[in-house]
Amino acid sequence: MLSYLHGFHAGNFADVHKHSALVLILAHLQKKAKPFSVIDTHAGAGWYDLSSVQAQKTGEWQGGIAAVQREAQVPLAMVPYLDLIDDFVPDNRGFGAGSEDGSNGDEPSVPPLYYPGSPFIVQKMLREDDHLTVMELHPREYETLDRRLYHDRRVTLQKRDGYEGLVAMVPPAIRRGLVLMDPSYDVKQDYVRAARSIIAAHRRWATATYMLWYPILEDGFDLELHDMFSQIPATGGVLCSEIAASHGGGKGRMLGSGLLIVNPPYQLDEQLANIGDWLRDVVDLPGPGVHFQDWLVKAQ
Ligand code: SAM
């Protein structure tokens, strides 16, 4: 069952949390000249028009990226992410009739306000010899992404199950790298499937950084995730970062955003701590904000 469309949620507080961490990890990989590879297991459509019908319907981006952009002072660690978002302009060659974001195949609406999803955030930070593999299962999201990415020889797109695909494709030829897993959690089994996939991939590719995003709901499915990630024998440790409302979620409404990061790069814990303390008070959560951060497995 694939009912989720990220266009309704692009640029919300969870995207800000996840994508600011993503940019910091990529910036760390860029510090060495040696190439790196990224695997994005659940890619979405690539980028989103925030003036589209989908985005306007929920308006979630107003309490996420727009709230952050309104602030005069931001933590230093957020600057690379915000610069990337500010500079993002989609390549018009990727436009096509009837695309998922509500565009009609003509020139972008005016004034255009676009938010890049994970594949385009990574693409912006790839160098000549770096590589990105993206997987997406939803037929129309896949087609949209395919049109938008077609011209980049550094990127491979597969219409494939991201959980199974990840385990089958690691380790990649380029051994420095990052795996981003950002499922849609259409079904509650996604929590366990995500954890099992990352645990199996880590056995084959132990040096990579893995980042899993998960929604914090009142049902508490995330607690099982914490248990499973606590068992991963990662030499670089396992870091957990959560921004959530202490209460106020209500049935089906997301209380908060969580990240589990296996082998986080040096000083990411400090950077995320600063970001989390700040975001908790700036973004639109469904109740009073709480920021939690801890090592589930200590780095050796
Ligand atoms: N990572 C994207 C970003 O940051 O912009 C957003 C991804 S969205 C939360 C999740 C995506 O995963 C959806 O587009 C959905 O169609 C896709 N999806 C759902 N189940 C999948 C699976 N088993 N394998 C690959 N993609 C899947």
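Heads up, the Cβ atoms here are built off N, Cα and C, so glycines get one too.
Heads up, TrEMBL stuff is auto-annotated, nobody curated it.
Database features (TrEMBL):
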ACT_SITE  D182  active site, proton acceptor
BINDING   H19, H42, S118, E136, D161, G162, D182  S-adenosyl-L-methionine binding site
SITE      Y4  site 'Interaction with substrate rRNA'
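Features as recorded by TrEMBL, highlighted on the structure.
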| residue | record | contacts (Cβ under 8 Å, 6+ apart) |
| --- | --- | --- |
| Y4 | site 'Interaction with substrate rRNA' | H138, S184, Y185, D186 |
| H19 | S-adenosyl-L-methionine binding site | Y81, I85, S118, I121 |
| H42 | S-adenosyl-L-methionine binding site | M135, E136, G162, M181, D182, P183, S184 |
| D161 | S-adenosyl-L-methionine binding site | M135, L137 |
Other CB atoms within 10 A, centred on E136 (S-adenosyl-L-methionine binding site): 26
Count of other CB atoms lying within 10 Å of the CB belonging to G162 (S-adenosyl-L-methionine binding site): 25
Neighbour tally for S118 (S-adenosyl-L-methionine binding site), based on other Cβ positions within 10 Å of its Cβ: 25
Reduced DSSP assignment, G162 (S-adenosyl-L-methionine binding site): helix
Max pairwise CA distance, angstrom, over record-listed S-adenosyl-L-methionine binders H19, H42, S118, E136, D161, G162, D182: 22
D182 (active site, proton acceptor) CB neighbourhood, other CB atoms within 10 A: 25
